[in-house]
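Below is one structure, written out as structure tokens; the observations come after it.
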Amino acid sequence: MGGKEMRNCKELKHEKNGNVTEKVGKNKGKSKKVSKDESLLSFDLFLEGKEHSAYKFMGAHFITENRKRGVRFTTWAPRASKIYVIGDFNNWELKEEYSMKKINERGIWSLFLPKLEEGIKYKFAVVNECGNNTVYKADPYAFKSELRPNTASVLTKIKSFRWGDKRWLNKREKEGLDNKPMNIYELHLGSWKRKDGEFMTYEEISEVLVEYIKEMGYTHVEFMPINEHPLDASWGYQGVGYYSVTSRYGDLNGLKTLINKLHKNNIGVLLDWVPSHFCKDEHGLFMFDGSPTYEYEAWWKANNEGWGTCNFDLGRPEVKSFLFSNAMYWINEFHVDGLRVDAVSNMLYLDYGREYGEWEPNIYGGNGNLEAIAFLKELNTIIKKEGKGAITVAEESTSWEGITKPVEEDGLGFDYKWNMGWMNDTLSYIELDPIYRKYHHNKMNFSMMYNYSEKFILPISHDEVVHGKKSLINKMWGDDWKKYAGLRVYASFMMGHPGKKLMFMGCEFGQFVEWREWEELQWNVIEEFDIHRKTKEYFKALNKFYLENSSLWSLDYEEEGFKWIDADNSEESVLSFIRIGKNKKEKLIFICNFTPEVYYDFKVGVPELGEYVEAFNSDALEFGGAGNIVGDSILKATEESFKDFDYSISVKVPPLGTLVLKVK
């Protein structure tokens, strides 16, 4: 099952059966004599797995050496016997004068070439340890790559950029988000909007996205991966160029323009990031030097059969330096405010996606990947120390303990974790006919049993509206009116539930078709159909309501910020609860009715004697509802007790609707 160690000169090649085959050949990997300039470079931290800015010296950099302007190429390929730099400048031929020098025994190769200009395409021709096979690889540290289907790296400088977001960054560093509003709009840049059916540039996107986010009232955007990737249908999650801003939408400064404009308009930017696995395309990281390099040496551990990818070797120092540096690259160079770390479960578990007999336990006999655990702890420690307020979010789908617990307390150290349990439970509930919902009431209240075990974000992400899962609006039960009413009550229940929020693009105006990465959202329906326009207005109003009421976010992760009124009314499929703000006077009462019945004189407990008024109602006519609203009426609490409350009121509750009340 496991791979064998490499000794002397052996070509290591993965086989489908999980073993490793060896072919002994002549060792051609001896170090050459290096110049004084080369010897001045220190790779100690990189080789120890402690380098956080490897992109500043690995890859291709325009420099002056011995009074000559040119490019220094540097790469890591420990088992290569020879490496050539090939490209436009030498007709892609393997010539000795373009042969890189091995400058240490750990596999650092380097070469200075004069008179090269920006825009030149290049690759590394890597000869394996035996000298009998050559692979043509893109530069793992390249800042730019060709647009697919072409695969070469492109010589690019990190040009100066005039940032205007200092005020935003200072605020980010000083203030955390736990007690602040966080309402995230997740989007895929290639399909949010298009121009004449083609990709828009980062600059063009900035002209429309910023105004839309401001109009709708979201606090953050989350971009699906924007590093270079060969396959559009992978959405960026199967990457090759970890340091290359995808050429689909432009260049590095184009992306900086987009982020800068978002920040100047007080909109945060999160980025999906994938340190778990990478694609197996021939020009990429896979078998980089003809043998396992960035991936695990043991094939069972390296091969991710479910996704057709390879898992990073998270225990290898040079791979750790590659990934730590990449995380800081996005934070330092592009000012992103946080990384949403993809597929954390795949990293944590040795048996993730594997059957019995397909994996080996760790040294303690368990299924935890000890190297990945250590990697994630170190990653989060680095970002906390050097990221100046940048956050990390874990996409983790199991009950692994301590995801958001501090590293000092033996947690993994993430700031937030997606609440996949809440998402799965509630989405399965809303698809049910209301007749049967009372038998599944626990799907809507169970999340509060573990809500304070982690710092959760409630996600309705891209994964839930593709591959036959149906769009969010189409998951709802009933005819069109009931579907839109169901969407409104569900969204307002989500907004009232403790935890930060995330909603995928298109859900906010009720797009019926599933998300398609090859075309833009169906924006035309907003103009053509009144219900889509009203649904958009509903989400706009709901987002504004969220922002304006600190009780909905100031105590998300404190138990005193939430109190059930009635968690167990399964017979009527109603959930009622109170959200409480920091000063304890800020209180909102939520009554969420998941049936199509109007409940007249519905009794609900209230925290104090006094007068109550309507703060929000999902059934308002302007949102496409039936108009079952309290309006300007005043509801007077009585001393009639209800559940754990000494006082109560009676009110009309709208069908498939949420009524929110507050003290006058």
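Just so it is clear, glycine is given a Cβ too, placed from its N, Cα and C backbone atoms.
As given in Swiss-Prot:
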ACT_SITE  Asp342  active site, nucleophile
ACT_SITE  Glu395  active site, proton donor
COMPBIAS  1-17  compositional bias 'Basic and acidic residues'
REGION    1-31  region 'Disordered'
Rounded Cα distance, in Å, between Glu395 (active site, proton donor) and the residue listed as 'active site, nucleophile' is 5
Cβ neighbours within the same chain of Asp342 (active site, nucleophile) - under 8 Å, at least six residues apart:
Pro225, Tyr237, Asp272, Trp273, Val274, Pro275, Ser276, Glu395
One finds that other Cβ atoms within 10 Å of the Cβ of Glu395 (active site, proton donor) number exactly 21
